[in-house]
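These come from Swiss-Prot:
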BINDING   282, 283, 284, 285, 286, 287, 288, 289, 290, 291, 292  substrate binding site
MOD_RES   100  N6-(pyridoxal phosphate)lysine
């Protein structure tokens, strides 16, 4: 058999396809991160994590690679610049980052700084996001788009921000909202910069397709759009409308759905121009997807188009329709948040242990002393001894039937616990023996295709699924998961990944594999005293802000890293994860009050001589230490 290589590992984890040339495996068998596609520079993730642990930064650790963030902004801007040139498009392109995708200050701040040379803007959908965007725009002069529902206070804030020099466009989502805007504008004497969101009949595809179509939550129907134009005319505010916006969903997997939306949206733009609305911008919303599984398909965790194809189709379709309608081409805006930030962050954590059975030495006597066994276990031993490739299916089915029979006999009191343990042990031996034969069969019979799942072990990892990758639990989103080390060795254990929450939903059983979605993740047998790390990739979009505090596991440690040619990497920022007291404070517990209550109770017990002073003092020290410690597991 040929020696396992890093190329074999790259294939089974499909790294070359989902990695966007930002992730690879080096000669040591460790995962590497690159600042940009095809860059000769890289950071060894295993070395980086070891260095962070030496700095007392414990896993789980969220690694944010700021160069990747800058590179994604540059890539999106570049492909649109090329598409504009190739199609002789007479207007400009501008990207806006929807901060709902990842509102962390350091992330938005980095995007604001990186985006200056690309004229990037910020999109917001709430009052807190508006305030955050205004703070980031201060000194940077970033344009801001306001989507979502708005009350009078929101509208007043936008209008006065406009008065004092901020470039803010307020997008009308509903007719009643426009009425409020008109009222506030007249009352304050401030003319707003307006956009209108239209509700397309065209829909996206996948889990977010309901963002488009006739039943979409946001936007004006065509009849309402005409009514809005009439209202603006009556109030001498039609010239305030500079932007038309539509959005048909996030993570659009098929390019034809994007084309359909572009055609319908641009036709509406053209008709509005003919009605005398001097629109300057066409905001095509989000939808630019990420190929999470590397299949380049229309599956919901992938996309069947490239970044270049997306940009070319946007520019071509808009220009073609505008030329046909005889109207000026608009400046184009997109809100591609997911595609901007998904790749830049990686969660790395340690595997704690697995659920492999510990085999006691005396179990081996089952095979040599069958006369002492119950009839059910004796039948299982006979199956084990007689298995061959000609009887695999029958032996497998008989084994399952007999193990179920052993449970029934145990429940009825005819089988004791030791005999049931014997049945479980010999069953596991049979399954492994069958698997050793199945692995050598080509092709594998249909009935045995999923057989290996019965061998899947659960590896317990030091993280909270609900905190760090909630979409995996909530909507069955696929994220690439790869061991960051030993990739020059064959991973010979099929696994599922369980977190450390007390919830059976905290387990991942669908993974990115060589041929798309797979039900088991190949990992290595963990060596004695080995720190074995796995990485969760492409988690930069939505996961941090959607994460919740199930079991009060809080934010993880986060580290901002940039590439450095001299020292390989530079740590820019370390953000400590939540301590126990911080998680408790989130649910209204005060750490000092906790200590006070416990201390008072202990003093009573000391006075009654139930505990000693030393025991009381030691427990208080432990409790205080726990309050100050990381919510995740240590040694």
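Heads up, the Cβ atoms here are built off N, Cα and C, so glycines get one too.
Feature annotations (Swiss-Prot) mapped to structure.
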residue	record	CB count, 10 Å
100	N6-(pyridoxal phosphate)lysine	19
282	substrate binding site	25
284	substrate binding site	24
286	substrate binding site	26
288	substrate binding site	25
290	substrate binding site	22
292	substrate binding site	22
Can you grab the distance from residue 282 (substrate binding site) over to residue 100 (N6-(pyridoxal phosphate)lysine)? Cα atoms, rounded to a whole Å. 21
What is the separation, in Å, between the Cα atoms of residue 290 (substrate binding site) and the residue listed as 'N6-(pyridoxal phosphate)lysine'? 17
How many whole Å apart are the CA atoms of residue 100 (N6-(pyridoxal phosphate)lysine) and residue 292 (substrate binding site)? 20
